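Report on the structure given below.
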Amino acid sequence: MKLSTRVTGLLNVKYPIIQAGMAGSTTPELVATVSNAGGLGTIGAGYFSSDRLEQEITYLQELTDLPYAVNLFVPSDKLYIPEKVEHMNAWLKPYRRAFNIEEPVINMTEKQQFKDAIDLVIEKGVPAVSFTFGIPEQTVIEKLKERHIKLIGTATSVEEAIANESAGMDMVIAQGSEAGGHRGAFSETASQLTPLIGTMSLVPQMVDQINIPVVAAGGIMDGRGLVASMVLGAEGVQMGTAFLTSDESGASQLYKHAISQSKETDTVVTNVITGKPARGIENEFIHKMNEYDDEIPDYPIQNQLTNALRKEAANKGNAQWTHLWSGQSPRLVQHMSAWALIENVVKQANEIMNR
């Protein structure tokens, strides 16, 4: 078994290791370090304005001339329903008051934001783009392919993987249920729930059904996870939580400490924080929101309704009222540079393969 795969060839990287596009937690330093170490660094641009994204890309290009990716959230067709928003605002009012937070103004601008981001990655010559929450329109895919930009889809089921391949993605992330942060799902099960299929189950089933390369994600923290994924047929891995505690991560010390102190049983998948299912460390905010007796507003509305509250809690060092996205392998986190992390992953993988 070799670490040279179709993924390394398509992305023009040394190692089949992708740093997940963790919106809100990536920095140009993290992305550049991963790319310079031989992996594929990713700008988590899901929440960025076009101005902010341009700044990030421009600075990143000063730090590396190696391939990197930009991760974008595919906009949804969810509607703004005033009654839902009013009810949620009433529920959040006492908690906002406790943190001295004003009621936010909701901006339904994600479609324009996505369009601007696509135009920008083309203009700036970004080597690769990964997508979360769905598949972009065919015109967008064709426009990116004309510029030879590599496209990375996200799937939480075989059905979603097939859809990604049919749409023209160059490779697909098999996001297992162990993964931290938002579920990349864009389909629902018969019970109208997001698919929650473990990485070990998802990867080989996906590999058997599609021809484009599969990249395993979810709970992968070290060389053991890389080798195991490749044995299952994956041609690379995407790691998120492992990079959250790295020196270059944009995660706060509060956040890093919470992950370091948590156990594999401490995370839950919930939609109460942003309106989309996401895996994070269970805390008081989630407990309180679970008492809400109405339907949670959809993403991006719920995300905007709770955003300022979560930010202020984090600023005040209160881990109980912010989001703490994390995968199910927190006992395996390490505190080191992203470069050292990649070196360790590769070294351990090679040792295992050479036994």
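Glycine is treated like the rest: Cβ placed from N, Cα and C.
Fair warning: this is a prediction, and the values are worked out from it, not measured in the lab.
What Swiss-Prot annotates here:
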{"type": "BINDING", "residues": "N71, Q175, G180, G219, Q238, M239, G240, T241", "note": "FMN binding site"}
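Positions of the features from Swiss-Prot, shown on the structure.
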residue : record           : Cβ within 10 Å
N71     : FMN binding site : 23
Q175    : FMN binding site : 29
G180    : FMN binding site : 27
G219    : FMN binding site : 24
Q238    : FMN binding site : 27
M239    : FMN binding site : 29
G240    : FMN binding site : 27
T241    : FMN binding site : 28
*DSSP on T241 (FMN binding site), three-state: which is it?*
helix
*Measure between the Cα atoms of every pair in N71, Q175, G180, G219, Q238, M239, G240, T241, the residues the record assigns to FMN, and report the largest value in Å, rounded to a whole number.*
20
_Three-state secondary structure, which DSSP defines for G180 (FMN binding site)_ = coil
